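Here is the structure we will look at.
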Amino acid sequence: MGYLTPANEAADPLLLRSRVVNEQELRRRPSKGHFKDKKIKKHYEKQNALIENLLKPISKHASENEDEAEAASKMVKIMIYANIYANFALAALQLYAAISSLSLSLFATAADSVFDPFANVILNWLHRKSENLDERKWPIGGSRLENAGNIAYASIMGMVSVVLIVESARDIGTHKASDVEKLYVPSLIAVGVAFITKAVLGFFNYILRRHSSQLDMLWEDCRNDLFINGFGIFTSAAGAKIVWWLDPAGAMIISFGIIFAWTRTAYGQFRELCGVSAPVEFLQLCTYNALHIHFQHIEMVDSVKAYHSGPKYIVEVDIVMRPDTPLWLSHNVSQDLQDKLEQLPSVERAFVHVDFEVDHRPEHQAQKKVK
């Protein structure tokens, strides 16, 4: 068997570096007005970033991600457990606020808060479970367990919110003029503490979210809770001091907000489960590397597909080699390309298919019955 000599990953066979436009070159170009100059500059900055990303060796993509992940891993773990413990404490605090004040707005904030810690524990368990599944039973891994857990949680939050909407509507319909709403300050202080705590957690979750899908979900949760708690404080106080119906109306608005936020989250998770395509920039990265890594052996790239299979991507590449290419060489080229693509941080699996021509009909397409 022969030996495979891959191309230098730092090479630039398509001369992309010559297309980088620096700041001085942009200044020398004739002015077309402030607005147009700004758009042109933004275009070239985006193009420069794309070229830099394409020319970066895959090994560097992988090593940078590993270094960042290793540096952030301890902080990620701390933040995950900080969110869990804080959410248990805040659930008790907000439940006290709702029960002591009997404010529907605060019940809406409490309902969201009470489910948070249990969801955090379950999602953390699913994340750990997904990394240790038996490959004989789950051949493609367990990354999609997280998506399933997020969708289940979104469904529960939607159902709880519907119950609160019904209760709020019933309260508006049965309210008596003799009923007096009282402002209970300790309840508002308790929810205010929850608001500040969520703001601090949300800040750190946002910074670290690209290192963990769990923290990404926790950031979304904190962002939603800031709106919920802030609006809940306002409508609860307004219902006691301005007009009574602002409290149940506020609870309804909060519940609709929860439904909207979690429906949007569930939609994103469904898209990942259903295999939505990767962004154009990622497809360009895969295409360039497929052309570049073994350009002396690969005649052309027939097709490149990248799509979600859970949080990460499945990549399928069809390459064309000469008809007289030895079997060992076609195998080694495709295997090496596959291994390199799988080094990319966002890739779950890669598949490379080799052909010797491009005139065949599309593969893996169901035959349509002709009536």
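For all residues, glycine too, the Cβ spot is worked out from N, Cα and C.
TrEMBL annotations: computationally assigned, not manually curated.
Annotated features in TrEMBL:
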DOMAIN    82-273  domain 'Cation efflux protein transmembrane'
DOMAIN    296-355  domain 'Cation efflux protein cytoplasmic'
TRANSMEM  78-99  transmembrane segment
TRANSMEM  105-126  transmembrane segment
TRANSMEM  147-166  transmembrane segment
TRANSMEM  186-206  transmembrane segment
TRANSMEM  226-244  transmembrane segment
TRANSMEM  250-267  transmembrane segment
Secondary structure content of the domain 'Cation efflux protein cytoplasmic' (296-355), with strand meaning DSSP E or B | 15 helix, 29 strand, 16 coil
Beyond the flanks of the transmembrane segment (226-244) by 6 or more, those residues with Cβ under 8 Å of it | 101, 103, 105-106, 108-109, 112, 175, 179, 181-184, 187-188, 191-192, 194-195, 198-199, 202, 250-251, 253-254, 257-258
Tell me, what is the mean pLDDT of the domain 'Cation efflux protein cytoplasmic' (296-355)?
-> 92
